[in-house]
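To start, the structure itself, in structure tokens.
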């Protein structure tokens, strides 16, 4: 899979987005730094290993960078709710990302059911997204040659998820003992922002259709606002086909006829569910990259955010998604030759099929896969 850079995003500027599309990887680069001008110059980025297998996957990328000479330096910030007393603060993480080209590579942070701070319902993931205003989560669902799927179809669609409001607003309270009220926040401003983002994405990447996913038949005000806003934005893009679909029907359609989708846009909770369902269509959590995008910052992280705690330390996790995240990050940083070469090396290893992790029916370790990618890497 080759990559090319699209340097502007007219209606959502200054946006930053890296995503693969069709047979190539297409990359938006608005707030990214200039490429290195000196031979030995390296660009710095923040890494957040996270919990579970996150550190193993991040360290795999670090080893690939070291062995291949990719001109990147990492500053590590440890964020964890599992090891809360050892965790750095959100403020430190934000400062690190800000001084390191506004970019981070991140593993999954396990959400704890325990309140570490009295009255604080937001987990580290939500606090980080809100601190950086990472309003759009973008996950590209694409069939990789060499991975056998149950449906046998070539899929290529993108999920755009609003991730700063909705059910993730952390507004919960106990009315009386045994009765909990949880509030869902929906605003026209954020619905319009994510809708425009999705339509701009479709326009810039040559896609033909945007599907708004909702439950307005039941949540007539909240999801009704989202749907009406998407319908209004769609009128500004007459060349892009628009349709709406109820979330429960969407799940059925994804399982029965997933090839019908192109760009999907949806509120927060639905996006979380659909991301994971769709990842299962193309090989699972280990093969789908994603990114969280804001006006000034971008965090590259696997599209299916599972810490996989039970596999921690066993070197059995599939690093494909994390390595592809790193490739997208390199394109974002204008290191296109490096990003393209890394992505191609992953594609070659997966297609060849000699080195497969357990989730894909093989016995290779996380390190085995990374070593195979290094062997295939050419620049």
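Even glycines carry a Cβ here, placed using N, Cα and C.
Per Swiss-Prot, the features are as follows:
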BINDING   44-72  NAD(+) binding site
BINDING   129, 161, 248  substrate binding site
BINDING   248  Mg(2+) binding site
SITE      168  site 'Critical for catalysis'
SITE      215  site 'Critical for catalysis'
TRANSIT   1-31  transit peptide
44, 129, 161, 215 as recorded positions, winner by CB count within 10 A: 161
For residue 72 (NAD(+) binding site), the number of other Cβ atoms found within 10 Å of its own Cβ: 24
In sequence order, the recorded positions (56, 60, 215) whose C-alpha falls within 10 A of residue 248 (substrate binding site): 215
Top Cα neighbour of residue 129 (substrate binding site) in the set of recorded positions 44, 52, 56, 60, 168: 168
DSSP three-state assignment for residue 52 (NAD(+) binding site): coil
Where residue 44 (NAD(+) binding site) sits in the secondary structure, as DSSP reduces it to three classes: strand
Using Cα positions only, nearest of the binding-site residues to residue 161 (substrate binding site) (44, 52, 72): 52
Cβ neighbours within the same chain of residue 168 (site 'Critical for catalysis') - under 8 Å, at least six residues apart: 126, 268, 269
Neighbouring C-beta atoms (10 Å sphere around the C-beta of residue 60 (NAD(+) binding site)): 23
Neighbourhood of residue 48 (NAD(+) binding site) by C-beta distance under 8 A, where only residues 6 or more apart in the same chain count: 58, 76, 77, 78, 79, 93, 104, 105, 106, 107, 109, 299
Pairwise C-alpha maximum, in angstrom, for the residues (129, 161, 248) that bind substrate according to the record: 27
Cα distance (Å, whole number) from residue 215 (site 'Critical for catalysis') to residue 60 (NAD(+) binding site): 40
